[in-house]
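Peer 1: Annotations for this protein, taken from TrEMBL, read as follows:
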DOMAIN    17-453  domain 'Amino acid transporter transmembrane'
TRANSMEM  20-39  transmembrane segment
TRANSMEM  45-71  transmembrane segment
TRANSMEM  115-135  transmembrane segment
TRANSMEM  175-196  transmembrane segment
TRANSMEM  208-225  transmembrane segment
TRANSMEM  237-255  transmembrane segment
TRANSMEM  276-298  transmembrane segment
TRANSMEM  318-346  transmembrane segment
REGION    366-387  region 'Disordered'
COMPBIAS  366-382  compositional bias 'Acidic residues'
TRANSMEM  393-413  transmembrane segment
TRANSMEM  419-444  transmembrane segment
TRANSMEM  468-489  transmembrane segment
Amino acid sequence: MQSNTDSSGASGTYSQTVGLLYVFNLIVGTGALALPKAFQSAGWLLSITLLTFSAFMSYVAATFVIEALSVANAVLSKKRRVEYDDVVVADGPSTFEIAKKVEVSEMASMFLSKVSLVFSYFAIIIYLFGDLAIYSTTVPKSAMNIVCSTINASIVKSSDPCHESWPEILTRMTVYRFFVIIFVVVVCLPMVIAGITKTRHIQIMTTLSRWAAFILMISLATMQLSSQGAAAHPPAYNFHGFGSLFGCAVYAFMCHHSIPSLITPMRTKENVFGKIAVVYGIVGVFYFTLSLTGAFAFEHVQDIYTLNFLHDDNTSFVYSIIDYFLALFPIITLTSSYPIIALTLINNFKVVKDILCPKTGQENESLLEEDNQVEDNDTDDERDTRNARSERTVFDVLVPTLVLALPTFLSLLTDDMLLLASITGSFPGVAVQFAIPCLLVTAARKHARSVLNFPVPRKNNSPFQSPIWIVLISSWAGFSMIMVLLNLVGVKF
């Protein structure tokens, strides 16, 4: 989506302030809904420490993506000069200006070896699978909690009946699974088939609802703390909760795959590294406020934090409207995002297929000859039908089926959103947020020196130039993944 024409006449650009606001909105997503539960499980001091460190590492990786983006622009600039001038002009600082959007996948194709390229795509694919599983769990679980009657959503079990008057077979888990099928098959499948993507109006609606929901949750939890005191007293630290906290922290700060789309349209990139650091700081304060108020205000925090405000002791009409809005918030935002993630995942599968099994020249030639033989005898309708049929391979049928079926199967197995967010953030999320940016910036710096014969200019350089930062990020990611794995298998600390 492009923004409106700016005052200077450049189409599709916006001010740096607007761009930074987009970065803020991108980072602060529904992943934050799992943080209060993770804070309460891991302890307030450990949570603050780990979230701060994870946010800093995420910021370092974000600067790596921006530096690699500037090198990618220099590569494209050199290609254009060669094509149009037929003369290789010496590269200079101006060629590194970020003027053209180059997605992370395109940069991987430019700079990485085939092995690293395939690794990057598979990491993104697995991460997107986790994303869809989280979506197809969060939406049905929210819908189930709205439909089922409970005294307090914090103390119910999945085996409890949905309503006392309903048959025993209709437990909360049964109703949840029914909503999983409805959400995927009835709601999302038609949108995926139709190729529906976000419109400008949907984007504005989801942004406004996100801001309203998070501000309301912070305000209500703060009011409850001030009037009733702390309902829970989390410990300072509990290392057994490290795994869920780390996974949620990575998931909550995920923005790296979309950085090129947000940074490139900015009319000025002056001091962009420093200003993005400010955005990260504001997001961190926002997360601390949301998570700490929730961890202390509720005795049992739900893995989907909005559910803590549903069916509570507030019986006034205004509070009821607010509570149901908060319960509907994940449904509104994630339903519009699900088809986009699914279509992105399908496209990534197609790219990996082309990388691993490229069409040979002979195959393309034989297809061309076959087309020429029947072309003269076909009507337009027959030709269109034949082309459509030839393009539909087994791969084209299996991939969309797999993309929808696997996350749905995971959601049918468990309604534990915190577990899904922890695993998604801790393993494929680590690769997308830490490993891929490190691979990209290392290869991009080498390409700038050896191929472009010009180092990355200072203004486009990440502030973290020393190789020690890549070692530090890799060590942190490796240590955290081991800790998560130990937590998952039940090792006590």
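Backbone N, Cα and C atoms are what each Cβ position is placed from, and that goes for glycine too.
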Peer 1: Under 8 angstroms for C-beta pairs, at least 3 of them, ignoring pairs fewer than 6 apart in sequence. Is the transmembrane segment (175-196) in contact with the transmembrane segment (20-39) by that rule?
Peer 2: no
Peer 1: If we call contact 3 or more Cβ pairs under 8 Å (sequence gap 6 or more), are the transmembrane segment (45-71) and the transmembrane segment (468-489) touching?
Peer 2: yes
Peer 1: Could you tell me what the rest of the chain brings near the transmembrane segment (208-225), counting residues at least six beyond its ends with Cβ under 8 Å?
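Peer 2: For the transmembrane segment (208-225), the nonlocal Cβ contacts are 25, 28-29, 32, 231, 286, 289-290, 293-294, 296-298, 305-306, 309, 322, 325-326, 329, 332-333.
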Peer 1: Counting Cβ pairs closer than 8 Å, which of 20-39, 237-255, 318-346, 393-413, 419-444 has the most of them with the transmembrane segment (115-135)?
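Peer 2: Maximum Cβ contact count belongs to 419-444.
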Peer 1: Relative to the transmembrane segment (237-255), which of 20-39, 276-298, 318-346, 393-413, 468-489 accounts for the most Cβ pairs at distances under 8 Å?
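Peer 2: Selected stretch: 20-39, with the most Cβ pairs under 8 Å.
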